[in-house]
Amino acid sequence: AGAGAMLAVLGASWALLAAAFLAALLLRRRAPARRPGGGVVSGLFQDLIRYGKTKRGCGQRPAWLRLLQVPKRWFTHFYVVSVLWNGFLLIWLFQAEFLGGLLPSWIQYMHRALGRDSQSEDVGNEHFSALLVLLLLWLHSCRRLAECLWTSVFSNGVIHIVQYCFGLGYYIAVGSTVLCQVPTNIRNGEELSVQICWYHIVGVMMYIWASLHQHRCLVILANLRKSKSGKVVSLSHSVPFGDWFERVSCPHYFAELLIYVSMAVTLGFHNMTWWCVVMYVLFNQALAAVLCHEFYQKNFSSYPKHRKAFIPFVF
């Protein structure tokens, strides 16, 4: 009962974050970016929900707000942190699962705080499921880091320092959330093939499919700023076409959501804590997608009318 209660608190924390981004999504129109005498609170709100090109809709921001911004290209740091942190967690969990190693004492303490050391049974292959999801999360971070370094062409856009710090903490929190799904009494010596279930296969296939489309869309965006020889010739924004861009303005955000859904499938559908993470990703990416969609519609008069912002045919 203690384990369930503490994990419910962890899930509730993610649900609270999801609710915060849902509220921001709903309030973005109630606190217009350009409102005469909008005040400090409205300006700060807009500064915290927008980044990159969408900050152009904020009008002239006060000097003190401009001091609290960093280059958008610092997104790369998020994936550096994720590769290192989640790679560290992955190594420890792999050693504990297959090599008879022990999790670090601080991880065991975190498990005890969540009541996970009280479980004696491995329900639903949760040990292997968590290991697989942590591997998928780490591979996702490696790919995104490589894309930031060698594929994407960042403009001179900026993000708020709070957004930057939040992004750094996010990948630490999400990897730790995966680890908290595993009881401390790690088994070892069991055949790997015995632990593989159908939902692992479905989840991994969905993950690969969504990842391929996300990469293609990021390549399309990068190519808008490159010549045929691959040289960067512009940092301006253009209307993208091809792949999922034919249906939505921000297919790379939609693919991000699908990647996290694929991890929920890999965990066996029943993990409510991870579904709360998925809800957070849904509203976080929806907010970013809607702001980008509005930017395209405002700045390109011939922008395709049939495109949705985030989810094809739906939203």
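Using the three backbone atoms N, Cα and C, a Cβ is placed for every residue, glycine included.
The structure displayed is predicted, hence computed values, not measured ones.
Noted in TrEMBL for the protein shown:
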- 198-315: domain '3-oxo-5-alpha-steroid 4-dehydrogenase C-terminal' (DOMAIN)
- 6-27: transmembrane segment (TRANSMEM)
- 74-94: transmembrane segment (TRANSMEM)
- 153-172: transmembrane segment (TRANSMEM)
- 192-210: transmembrane segment (TRANSMEM)
- 277-296: transmembrane segment (TRANSMEM)
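Here the transmembrane segment (153-172) has Cβ contacts under 8 Å with residues 47-48, 51-53, 55, 68-75, 77-79, 81-82, 85-86, 141, 222, 225-226, 232, 235-237 of the same chain, all six or more residues outside its ends. Listed by sequence, the residues of this chain that lie at least six past the ends of the transmembrane segment (74-94) yet keep a Cβ under 8 A from its Cβ atoms are 101, 103-104, 107, 130-131, 134-135, 137-138, 141-142, 144-145, 148-149, 154, 159, 164, 167-168, 170-172, 175-176, 178-179, 182, 186.
For the transmembrane segment (6-27), same-chain residues at least 6 beyond its ends with a Cβ under 8 Å from one of its own Cβ atoms are 45, 49, 113-116, 177, 180-181, 272-273, 275-277, 279-280, 282-284, 286-287, 290.
Per-residue pLDDT, averaged across the domain '3-oxo-5-alpha-steroid 4-dehydrogenase C-terminal' (198-315), gives 96.
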